[in-house]
Amino acid sequence: MKSIYITGYMGAGKTTIGKVLSKELHMDVVDTDQKIEEKQEKAIRDIFAEEGEMAFREYESEMVRSLPVQNVIITTGGGIIERAENRKWMKENGTVVYLYCDPHVIAERLREDTTRPLFQKKDIDAFITKFESRRAYYEEADIHIDTTNKSVKQIMNELKQKINE
């Protein structure tokens, strides 16, 4: 089976769904953000603070290309889709899943989360503007799942059905 790339805005449920899907499909799951932190030996928020977002995006592009293209679930950072080369790579080498969640719901979830470098100012308008600027890229995915106010079980049932279509 081709790799499954799980995309979506921060807080949409990519990591959670990736872990559950890996158990259901008996496939390994790899989180690009976690792999970048391991390779760079620092937290993403520190990469952003010390090297900037552009450096992080470069690490992200390198990471996605270094991962297997068969039999693995890859959970991505929310901004990986900003680069056309990443979108092209994922489409050519796997099935791309877009987990959508209403940005107002995500903002409420993330209000107290200090690990999100792009949500530190807690500026809801800027957060939603960033989401909207990426939305068309997310929507290039093969499979779209709306996770807003759904349980993990509901999301999984819908996702498994769409993967098997």
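The backbone N, Cα and C atoms fix where each Cβ goes, and this holds for glycine too.
All protein chains shown were included, and the count of other CB atoms within 10 Å of the CB of Ala12 (ATP binding site) stands at 27. Mapped onto three states, the DSSP output places Ala12 (ATP binding site) in coil. Taken from Swiss-Prot, the feature ATP binding site applies to Gly11, Ala12, Gly13, Lys14, Thr15, Thr16, Arg116.
If you look up Swiss-Prot, you'll see Thr15 marked as Mg(2+) binding site. Around the Cβ of Thr15 (ATP binding site), the same chain contributes Asp31, Thr75, each under 8 angstroms and 6 or more positions distant in sequence.
Sequence annotations record features per position, and here Swiss-Prot assigns substrate binding site to Asp33, Arg57, Gly78, Arg134. Cβ neighbour count for Arg134 (substrate binding site): 17 (other Cβ atoms within 10 Å of its Cβ, all protein chains included).
Between the CA atoms of Gly13 (ATP binding site) and Gly78 (substrate binding site) there is a gap of 11 Å. Annotated pair Arg57 (substrate binding site) and Lys14 (ATP binding site), C-alpha to C-alpha distance, rounded: 18 Å.
You'll find the Cα of Ala12 (ATP binding site) roughly 14 Å from the Cα of Arg134 (substrate binding site). The shortest Cα-Cα distance from Lys14 (ATP binding site) to any of the binding-site residues (Asp33, Gly78, Arg134) is found for Gly78.
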